[in-house]
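Swiss-Prot lists G118, T119, H120, G121, K122, T123, T124 with the feature ATP binding site, giving sequence analysis as the kind of evidence.
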Amino acid sequence: MSFDLLKDINKKVHFIGIGGVSMSGLAAVLLNAGYKVSGSDSKESEITNRLKEEGAKIYIGHSKDNLQDVDVVVYTAAIPSDNPEIIKAKEDNLILMDRAEFLGQIMKGHKFNVAVAGTHGKTTTTSMISHVALSADLDPTILVGGDLDIIHGNFRVGNSEYFITEACEYKQSFLRFFPYVGIILNIDADHLDFYKDINHIKDTFKQFVRLIPNDGYIIGNADDEKVMEVLEVAKCNVLTYGINNGDIQARNIEFNEKGCATFDVFRNEEKLLSLSLNVPGMHNVSNSLSAVCLAEIFNINADAIVSGLSSFGGAHKRFEYKGTKNDITVIDDYAHHPVEIKATLSTAKKMNHNKIVCVFQPHTYTRTKTLFNDFVKCFDDCDELVLMDIYAAREKDLGEINSDQLGDAIRSHGVKCTNVHSHEEALEYVNANLSKGDLLLTVGAGDVVKVGELFLN
């Protein structure tokens, strides 16, 4: 059995895990197109309430009874095969589609699909691009992996041919997409619970590039050797950017006291515009250049680019300011890969704080084990590290790796590091060791943010 989104408007679609960031956006697009939508989630949330208001039938908890008069069931990689709704869908011979395949179906209904790929920076860059597209009145449909203030959440349903989405490489999910413009920000070893090695990852990105039609475009980071290697297979138009290389470059870069950059953008030797960003870090200078490349492709004028990028203050959980208490600043960041952590700490170091205390929660046993040596070396820019237990996410603890082992190695490397085993223990350390003018930085993709929230409250 198959499902064609453009023809099967009478089909009723059910989402398992509808409250998730990615699934909720897909559900909203369908509701706007006139589909009957239902979905289940483990708990009620702002997202499920918003979807209910828009006409979705929401079930809290998973049960075979939730599949009432349903034709298509959509699920994510996080849903186990013994989920009662998956079992019921198979028993009833319903159409079962994973999230990536279903998103690909939605993309078929748009001409100008923009897919933002890369190991790091997808959410921030997708958000930047969304700001520029909205500033240019393109009326895009947007699916982003974090909450974005300008669209009041993680999705926006537009009424144009423009569709902007993140493209995650995990389990090769982005190979189900239909991009007209692909963007590759960077390529590093990650998701090694699925990929064999970096060559396997590069081969998958090459397949992504081959998806783009001959009249389409691939935008790539010319400062990243692995990206440039991948772009060699392109049969479509190629546009590159970088701080030091590429068709589009940033020059005359200066940072203010908040770590945010002002710079000039050149295409070859022609100055296109000057930009002042409202998000910190050199990595965001690079990310913003990919948005300029896209603007060049879609003939967006300089005023809209400047307006869009200068108005972007960051996506939630991406170097997000959480508050200040006793003149101690609290910032939360989603970084969970050594490259991301180094970029986050480098950004923090450009700000004028007396001391940087980083509370880090490793994310998944596989990532911690496979990138162990990189994790040991990525905290050099913090003054003190508070290391929490590994956040398991979708994995089981096989007893092969733990945070105490990582902490020992980090201490041997010369970084002041303290292991803690609960949010409360982390809070005790923070309360005892931070003083006026310091920065508390919570880092990770799990629930480490609670430490900063406990401190502020």
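Glycine is treated like the rest: Cβ placed from N, Cα and C.
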**Prompt:** What three-state class does DSSP give T119 (ATP binding site)?
**Reply:** coil
**Asked** Hey, does DSSP put T124 (ATP binding site) in a helix, a strand, or just coil?
**Response** helix
**Prompt:** In sequence order, what residues of the same chain, 6+ apart, have a Cβ less than 8 Å from the Cβ of G118 (ATP binding site)?
**Reply:** T125, I183, I184, L185, N186, I187, N221, V227
**Request:** Could you tell me which of these binding-site residues, T119, T123, T124, has the greatest number of Cβ atoms within 10 Å of its own Cβ?
**Result:** T124
**Item:** Cβ atoms near H120 (ATP binding site) (within 10 Å, other residues, all chains)
**Value:** 21
**Output field, ATP shell: CB within 8 Å of site CB centroid, site G118, T119, H120, G121, K122, T123, T124 dropped** = V116, T125, L185, N186, N287
